Amino acid sequence: MGAALLSEFATEIVVPVCAVIGIVFSLVQWVLVSRVKLTSERHASGSNKNGYGDSLIEEEEGLNDHNVVTKCAEIQTAISEGATSFLFTEYQYVGIFMIAFAILIFLFLGSVEGFSSKSQPCTYDKEKTCKPALATALFSTISFLLGAITSVLSGFLGMKIATYANARTTLEARKGVGKAFIVAFRSGAVMGFLLAANGLLVLYIAINLFKLYYGDDWEGLFEAITGYGLGGSSMALFGRVGGGIYTKAADVGADLVGKVERNIPEDDPRNPAVIADNVGDNVGDIAGMGSDLFGSYAESSCAALVVASISSFGVNHDFTAMLYPLLISSVGILVCLITTLFATDFFEIKGVNEIEPALKKQLIISTVIMTVGIAIVTWIGVPSSFTIYNFGDQKVVKNWQLFLCVGVGLWAGLIIGFVTEYYTSNAYSPVQDVADSCRTGAATNVIFGLALGYKSVIIPIFAIAISIFVSFSFAAMYGIAVAALGMLSTIATGLAIDAYGPISDNAGGIAEMAGMSHRIRERTDALDAAGNTTAAIGKGFAIGSAALVSLALFGAFVSRAAISTVDVLTPKVFIGLIVGAMLPYWFSAMTMKSVGSAALKMVEEVRRQFNTIPGLMEGHAKPDYATCVKISTDASIKEMIPPGALVMLTPLIVGTFFGVETLAGVLAGALVSGVQIAISASNTGGAWDNAKKYIEAGASEHARTLGPKGSDPHKAAVIGDTVGDPLKDTSGPSLNILIKLMAVESLVFAPFFATHGGLLFKIF
C-alpha cells in the first residue's frame, strides 16, 4: 500500500499555514477597501493604478460634493445598524436553539450505551476496543457547538464587510466603473477568504485537540467530528430562511407599491421600505449565503473524513492521507488567492461590458489552476494505492482515480455555473424571450419564466449524475465526498463573486437615495446586473455541491447504521422515499407563504405612509423607515421557526419511530426532489429579475421596444420579478440546506437510531 510522500509533520504545517495565509490576505484586501474614505476631502495628488488618489471623472451635476458624501455615509450607517440589529435578534433565538439541540445530541448519543463510561468494541472491527459512547456524545456536542459558532461568525463578518463596502463602492463609481468594481470585488474577497480559512482552521484545530483524547481510536474521533458539519448547517438554515424572508418581504413591498402603483424608481428615498430592502440584501444574500457555503464545506469535509477513518487511511493511521480533504481546501485557498489578483491587480476593467466576462474568468482561472493543484496534492498526499470502505468491503483505489473523483466534481461545478449563467443572464436568448413575453402582460411572463426554470434543470442534473457515477465507480462513497469537496475547493473565489452582487446592489440603492447623477446610477446598475447573474451561479454551485454532499453523508449514514442494502421494494423504505420527496414541497410552501404574509404587511404599511404623510410624494417629508425595518424583522424571526423545526425534527422522529431503513428512504427522496426544485426555483427567479433589468437598461433595439420604465411590458416584468423573489432568494437556496442538514443529522444520530430506533415497528 505504501505511504504518502508528504510527511505527517509537513501536513501539520501546510494546513494551518495555508489557513493563516487566507486570513492575512483577506485582511490586506480589507485595508485596501478601507482606503476609500467616507469623508469629502479628496486629494488629487498623483494617480496610481488602483485609483486611490484619482480625481473624479465628472463633478456631480449641480450637486455639492460634500453633501453627496455625507448622505452616502448616513445611508450606509442606517443599513449597517439595521442589519446588525436584525442579526443580533436572530442570533438570540438561534442561540437558544443551539443550546437546546446540543443537550439533545448529548442525551441521545449518551444513551446508546446507557451513559456507560467503559470502552466498547469498535463498530466496524469488533476485535478492537474503542472509546465509550459517552465520549462520542460529549465530543459530538462540542464539535456541533464549534461548527455552529463558526457558521454564525462567518455570516456576521460577511455582513459587516458588505455594509462597510457598499457606500465606498458608490463613491468610487464617480471615478469610473472599474474603480467601483475593484472595491466591490475586494470586499467580496474579504468574506470569501475569511470564511474558507476560518472553516479550515477551526476544523484542523478540533481534529488535533480531539486526537489528544482519542489517541488511536480514529473511528470514534472522526465520528465525533461530524457534529461540526451539523452545527454549521443548522445555523445556516436559520440564517438562510430568516434572512430570505426578511429581504424578500421588504423587496416585494417596496416594488409593488413604489414601482407598480406610485411609478417611482427603485431605491427612491421616498419609498418607506427602501432601507429595509437594502438591509435585507446583507442579511439574506450575504450572511445567509456565507453560513450556507460554510455548512457545505464543513459537511463534505466531515463526510470524507468519516469514510476515510474506516478505510486503510484510518486503519493504518496514515495522518497525511487522512487529512487529504483538508489539504485540498488548503491548496484551494492559495489557488483562489492567485485568481483574485487577476480581477483586482493584473487586469483593469474599463467599460461596463467587461464586468461580467471578468467575473466569469475568475471561475475559469480558479478551476484550471485548481485542477493542477489537486493533481499535486493527490500525488504527494495519498499513497499510490489504498483501500476505501465500501458497504462492508474494502475497495482497492489508485491515487489517479482519486484525482479524477475530485476533478470531476470541480469541473461539474463549472458546468453547472455556466448553464446557470446561460439561463439567467440577459445577454442570452432564454432571458430575452422571457422579457419579450412581457408584451402580452404578466401572465405570459410567468408562464415563460416557469418553463425556463424547469428546462434549466436538465444539464445540471446530468452533470451531477455523471460526477456521481464516475466518483462512485472509482472510490465508492469517499469518491463522492471528495467530488463535493472538489466543487467547493474554490469556495473563496465563489464567495467573492457571490458577495460582490449584493454589495453592488446596495451601492446602486445608495446612489439613488443620495440623489446622485443618472450616469452613476447607470454604472452601479451595470455592476448589479452582473452581480445578479453571478449570484445565480453561486446558488448553482451551492445546490450542486449540496447534492453530492448529502449523497456522501447518506452513504456514511447507511454504513454507520449497519444497513446492508436500501431496498426500494420493501414497504418500510418506499414509504420513506415518497414522504421524503414530499418534504421539499412542504418546506417551500412554508417559506413562500411566510414571504407572502410578511410582504402583505409591508405593502399595507408603505401604502399607509404614502397616503397619510403629507408631502412624502413631493419629497418634502421623510418616510418612517424604522417601522418597515421592524415589520421585516418581526416577520422573519417568527416565520423562520416552523420551516426550521420541520427540517430538524423529521430525521429524529422518523429515525426514532420508524427506524433507519425508513429514514434512509426519506433522505433519498428528499435529495432527489429537493435538488430539482432548488435549481428550477433559483433560475426562474434569476431570469425574471434579469428580464426586468434588460427592459430597464434598454441597451439593445429589442429592449428599447419593450421599455421604458413604467411601460406596460415593464410593469409585467416587475410582477414577474416580484413572484420570483421568494423563489430565488428564500425557497430555492434554503432547499439545499434541507437536503444536507437532514443527511448530516441522520449521520450524527445514527448510533442512537441503530440501537433504539424503529419503536413503532418493534411494537407491531
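Glycine residues also receive a Cβ, built from the backbone N, Cα and C atoms like all the rest.
No curator has checked TrEMBL annotations; they are predicted automatically.
What TrEMBL records for this protein:
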- 13-33: transmembrane segment (TRANSMEM)
- 93-112: transmembrane segment (TRANSMEM)
- 132-159: transmembrane segment (TRANSMEM)
- 180-207: transmembrane segment (TRANSMEM)
- 322-343: transmembrane segment (TRANSMEM)
- 363-380: transmembrane segment (TRANSMEM)
- 400-424: transmembrane segment (TRANSMEM)
- 445-470: transmembrane segment (TRANSMEM)
- 476-497: transmembrane segment (TRANSMEM)
- 541-563: transmembrane segment (TRANSMEM)
- 569-587: transmembrane segment (TRANSMEM)
- 646-679: transmembrane segment (TRANSMEM)
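Remark: the transmembrane segment (400-424) contacts the transmembrane segment (541-563), by the rule of 3 or more CB pairs under 8 A. When Cβ-Cβ distances below 8 Å are used as the criterion, the transmembrane segment (13-33) is approached by residues 6, 50, 161, 164-165, 168, 183, 186-187, 189-194, 196-198, 200-201, 204, 323, 326-327, 329-331, 333-334, 337, 340, 344, 492 of the same chain, each at least six residues removed from its ends. 93-112 is the stretch from 93-112, 322-343, 363-380, 445-470 with the greatest number of Cβ pairs below 8 Å to the transmembrane segment (132-159).
Within its own chain, the transmembrane segment (322-343) is flanked in space by residues 6, 11, 14-15, 18-19, 21-22, 25, 29, 182, 185, 189, 192-193, 196-197, 199-200, 203-204, 207, 218, 297, 300-301, 304-305, 308-309, 313-314, 358-359, 361-362, 365-366, 369-370, 373-374, 376-378, 381-382, 402, 406, 481-482, 485-486, 488-493, 496, which lie at least six positions past its ends and keep a Cβ under 8 Å from the stretch.
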